[in-house]
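K.L.:
What follows is a structure written as structure tokens; I'll ask about it next.
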Ligand SMILES: [Zn+2]
């Protein structure tokens, strides 16, 4: 027979078991007042997760409603979409064709961007250091993604009039440079101008990513202005439209700006930004794959870097890694108060 004292002791053990604590943690969202200002997202009041919890807490948290759940799932969906399109491309085309090198390198850049974004949102509340490092990686892969679009646009989508010009010849080396600039601006945005309300931060991000995007799209804009539109032009135009949706939601913080606290969990601008990014990528691939099929090999001039697309992508990753490491060193002095250094790192 079990005595009342033994039952009480069993209850206490149950209360303290890691399993029970884990499930208790999963149920709790917290408000912005309970977190350091580094984590505060403008106009989002609730749905934050607690900081300094075990990694498993953040993995489990994507299966319940909080402000990051949809941010993670939207880019997991983007990753799955790009993977399925890569599978289809490999199945339908000759993988050994050297002219497809830039296309496959761009697929890698898109997959890295969606993976880095999902990981950054998944562990965003782990600590200031984790948040800083993962979002620097997230922003640097946006630059990498832009480099992937440059490879495609200047290899397969460039109109005959622009082929062989200085722009065409030097687009890819310049793409390496502007992609690194995006990584630099991301480091500055996470370490130096870390307040999400900062106007300098928004301008820095918008100018670097916008510059990369518009440079990438010069051949597309030229075709949309000067050529007669076909289905392919519509794909490129839709890509153009969805990119501007991403810029709009990223910069405006609409709709939560007008209804603070109302869109904490679902429907806020960052989630809409993510969805527009997935649609933009899908239409980009529609347009570029159609251009790959329509290229007249006899008339087309290639800039001659097709065999270098993969190594150049690796070079951008290497440059980004160095930039991120320098900002990581800087964040200990710039971002973390002395007392928090040990605890947070
Ligand atoms: Zn995001």
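Placed from the backbone N, Cα and C atoms, the Cβ positions cover glycine too.
Curation plays no part in TrEMBL annotations; they are all automatic predictions.
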K.L.:
Can you dig out which of the ranges 132-151, 232-251, 252-271 TrEMBL describes as transmembrane segment?
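P.N.:
From TrEMBL, the annotated transmembrane segment range turns out to be 132-151.
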K.L.:
From 51-69, 70-88, which range did TrEMBL mark with transmembrane segment?
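P.N.:
Transmembrane segment, as annotated by TrEMBL, spans 70-88.
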K.L.:
Given TrEMBL annotates 270, 274 as Zn(2+)-binding, which of 45, 99, 121 belongs to that site as well?
P.N.:
121
K.L.:
Among the binding-site residues listed here (121, 270, 274), identify the one with the smallest other-Cβ count within 10 Å.
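P.N.:
Relative to the other binding-site residues in 121, 270, 274, 270 has the fewest Cβ atoms within 10 Å.
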K.L.:
I need the neighbours of the Zn(2+) site defined by 121, 270, 274. Which other residues of that chain put their C-beta within 8 angstroms of the C-beta centroid, in sequence order?
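P.N.:
Output for this site, in sequence order: 68, 70, 71, 72, 74, 75, 117, 271, 273.
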K.L.:
Between the transmembrane segment (70-88) and the transmembrane segment (132-151), do 3 or more CB pairs sit under 8 angstroms, pairs being 6 or more residues apart?
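P.N.:
Judged by the Cβ rule, the two regions do not touch, with the required three close pairs absent.
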K.L.:
Where, among 100-120, 171-193, 202-225, do we find the most CB pairs under 8 A to the transmembrane segment (308-328)?
P.N.:
171-193
K.L.:
Do any residues of this chain, six or more beyond the ends of the transmembrane segment (70-88), have a C-beta under 8 angstroms from a C-beta of it, and if so which?
P.N.:
62, 104, 107, 110-111, 114-115, 117-118, 121-122, 265-266, 270-271, 274-275, 277-278, 281-282, 285
